[in-house]
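Taken straight from TrEMBL:
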- 27-43: compositional bias 'Acidic residues' (COMPBIAS)
- 55-64: compositional bias 'Acidic residues' (COMPBIAS)
- 107-595: domain 'K+ potassium transporter integral membrane' (DOMAIN)
- 610-853: domain 'K+ potassium transporter C-terminal' (DOMAIN)
- 1-66: region 'Disordered' (REGION)
- 105-125: transmembrane segment (TRANSMEM)
- 145-168: transmembrane segment (TRANSMEM)
- 233-255: transmembrane segment (TRANSMEM)
- 275-291: transmembrane segment (TRANSMEM)
- 298-322: transmembrane segment (TRANSMEM)
- 351-372: transmembrane segment (TRANSMEM)
- 379-401: transmembrane segment (TRANSMEM)
- 421-440: transmembrane segment (TRANSMEM)
- 473-496: transmembrane segment (TRANSMEM)
- 502-524: transmembrane segment (TRANSMEM)
- 531-552: transmembrane segment (TRANSMEM)
- 558-579: transmembrane segment (TRANSMEM)
Amino acid sequence: MADENGIGRSESRLASMDSVESRWVFQDDDDDEDDSLMDDDDDEHSRLRRGGGLDSEEEDEEDTAEQRLIRTGPRIDSFDVEALEIPSAHRNDYFYEELGVGRRIILAFQTLGVVFGDVGTSPLYTFHVMFNKAPVNGEEDVIGALSLVLYTLILIPLVKYVLVVLWANDDGEGGTFALYSLICRHAKVNLLPNQLPSDARISSFRLKVPSAELERSLKIKERLETSPHLKRMLLMLVLAGTSMLIADGVVTPAMSVMSAVGGLKVGVASIKQEQVVMISVAFLVILFSVQKFGTSKVGLAVGPALFIWFCSLAAIGIYNLVKYDSSVLRAFNPVHIYYFFKRNSTKGWRALGGCLLCATGSEAMFADLCYFSVRSVQLTFVFLVLPCLLLGYLGQAAYLMEHYSDDLAEHAFYSSVPSGFFWPVFLVANLAALIASRAMTTATFSCIKQSTALGCFPRLKIIHTSRKFMGQIYIPVINWFLLVVCLVLVCSISSITEIGNAYGIAELGVMMTTTILVTIVMLLIWQINIIIVLSFLVIFLGIELVFFSSVLGGVGDGSWIILVFAVVMFFVMLVWNYGSKLKYETEVKKKLSMDLVRELGPNLGTIRAPGIGLIYNELVKGIPAIFGHFLTTLPAIHSMIIFVCIKYVPVPVVPQGERFLFRRVCPKSYHIFRCIARYGYKDVRKENHQAFEQLLIESLEKFIRREAQERSLESDGDDDTDYDDDYSSTRVLIAPNGSVYSLGVPLLGEYKDTSKSISEASTSEEAKIGYPTDSASDAEQSLERELSFIHKAKESGVVYLLGHGDIRARKDSWFIKKLVINYFYAFLRKNCRRGTANLSVPHSHLMQVGMTYMV
């Protein structure tokens, strides 16, 4: 009877959830979430918990698990504070969609000033570099070079980025690591083994799980998850692309400023190259000094200036078309590209490196996407930026049709400006160049913050420059580091052609990485036709490889400096990721046994002093070894212990209501809990400690009340329990609509005071499904006692117990491992930002203990 009532209550609860969006999974999805890093005790409890009378059902379903896909209802995480309040998978509407007309105009100006400055200043140097590598010998060379530029602009910035890549954003975030985060959310490819199935229930995950019709996506997902080599290759690709993006942030300011200031040599004949370099250095110092004022302030200030710049490009282009030669419009016929290579052969191939410069800034459109909406970027590019650029290049070509001498071709833009407007255009061009230099710098900041959150870059001080847009950031250390490297590049390579070659190397490295990652997104997430995917990969990767072969030919001219810089950044990220992964795996292996804690008893073998101790660690499961270090080092331990794990999940933002996950680690009398505080890579962690404590305690009280009210929490087979009783069991219900639900019932012993004897489990069906036998009044008294205990502990004070776990390579390790761990990783860890800097906690509330692991 009890069984029937229980099923009836469960079915009525299930019926209310039918409106929640379902997903397609393998039938045995709820049974394959075992974690290989769980210790023997956890494995034993997991086997017991899955045992309760399910063997026959699991055997019947085992044969069809791989072939048949079933529809499951919403799965409830027993680890969540909001265990029975499943939020709908709503889409977080962009702030931009609620803006008025006036605010949209301001946003458009900011978009110009931040996103399009790089691609907007490309007319300053594209023809300069092209005709330096392939000198103009006639009008056909001008038409062929123009045709190359036009179709490069159409294919790469417009077709690839604006029409395709921008849609591969991660909830409004763009860039290499945003793509990697998007892939990690749909397949377990992150090398750091701290993922939990409960992370997938964050509303901002918004998974689009493969459908039954497209099993190709399922096979790709399985292949990525089961192959360690593919995981490493994917990570290497992402790190390589990120290092090239950072290198791009160095060479972009150098190229833009040098080419803009170089116009002085046209206006003033006595100006020498050395003077151009000195003026460029001064401009670069000013540029990086104003970076700290933020994207909104600077973008709004310089947006109108860049608008004037684009209008000037269009006006000069129309003027030259009308005055000189409008026949250059025939460059839209791609056959002139063939004629260009036929006439110039090897020189034409070398000129491809200069042609690519017209598309520089394409990656900035994607990487800076976090600052603005996709629609604002797309519309601004299609209706303003692209037409102005096309007119600008057409105008330069029209001028060169009558003036194609080498001297004029090297300064094609400034030479084509009408003499009466030279100085106004020169001033606007230099202002635009300074604006353009900020595009990749802001993109670099965004990418580094994303990589830091995903464990691939050392922690640095990050300043949020806007209260409305939390993605707008400034990283002081990176800003000044980029300035120093940029000045070294300008002073050592004073030739625009050589800097342009370095520019092409950095830009192409990022472009090829983006092409491969977007292809994976198409296969795994978008699930579109394989012909379309292959066409995208073959066309764009093929084009980029041809361009890359061209720029590699000039590495020996000085552009090797940017390659060395990119390799250094790649090595820094690789070492940090490798060391962080080893440290986490070692902490998992060294975690304390639950049997040991039980043997110590509720007092943990020491004195329990009033108060709450927040022990920070990186483990999402188990008791960290640093806790044992605290027990043996401190004369007393707090009456309430909460293990706090700060965890970044592969989403941009975690809603505040879904921030905390709680779990009771030991029996009730121990007063030990686990709290996982989840953050997205855009979330701000600079929280006031009092507000953090208040939110944490409120969430804990809510969890305890729910624990007392709901004795029959629904489980989805996460197998991420820290404490399981030997009498727990599981039942499976199949709703009339075919939805499959797993009910996990907690133990009665977890709700009883350990000072009282725990009743033996009854062999009846009622005891089997875990219904509590204590009376309602006893449960209410127990709840009130525990809540009162929490309040008294809170009044006694909260202390932050921080464990600094360092790693050292064992003596029998290889020499390279000793070098990497003991020197390189130790140096990075020593000089990176400590976790205490984000806590904003008074020193009187802090207690730190160090611990060294041998790996």
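Keep in mind that glycine also has a Cβ here, set from the backbone N, Cα and C atoms.
A contact between the transmembrane segment (379-401) and the transmembrane segment (275-291) is absent, since fewer than 3 of their C-beta pairs, 6 or more residues apart, lie under 8 Å. Here the transmembrane segment (531-552) has long-range neighbours at 155-156, 160, 164, 349-353, 355-356, 501, 504-505, 508, 511-512, 515-516, 518-519, 522-523, 559, meaning same-chain residues at least 6 beyond its ends whose C-beta is under 8 angstroms from one of its own. Cβ atoms under 8 Å from those of the transmembrane segment (502-524) belong to residues 156, 160, 164-165, 168, 176, 179-180, 182-183, 186-187, 210, 216-217, 220-221, 224, 234, 237-238, 240-241, 243-245, 247-248, 250-252, 255, 353-354, 356-357, 359-360, 362-363, 366, 489, 493, 530, 532-533, 536-537, 540-541, 544-545, 547-548, 550-552, 555, 558-559, 561-563, 566 of the same chain, restricted to positions at least 6 beyond its ends. Highlighted: of the candidate stretches 275-291, 298-322, 473-496, 473-496 has the greatest count of Cβ pairs under 8 Å to the transmembrane segment (233-255).
Comparing 275-291, 351-372, 473-496 for CB pairs under 8 angstroms to the transmembrane segment (145-168), the maximum falls on 351-372. Here the transmembrane segment (473-496) lies next to the transmembrane segment (275-291) in space: the count of CB pairs under 8 Å, restricted to residues six or more apart, reaches at least 3.
Annotation: stretch 298-322 has the most Cβ pairs under 8 Å to the transmembrane segment (421-440), among 275-291, 298-322, 351-372. The domain 'K+ potassium transporter C-terminal' (610-853) scores a mean pLDDT of 72 in the predicted structure.
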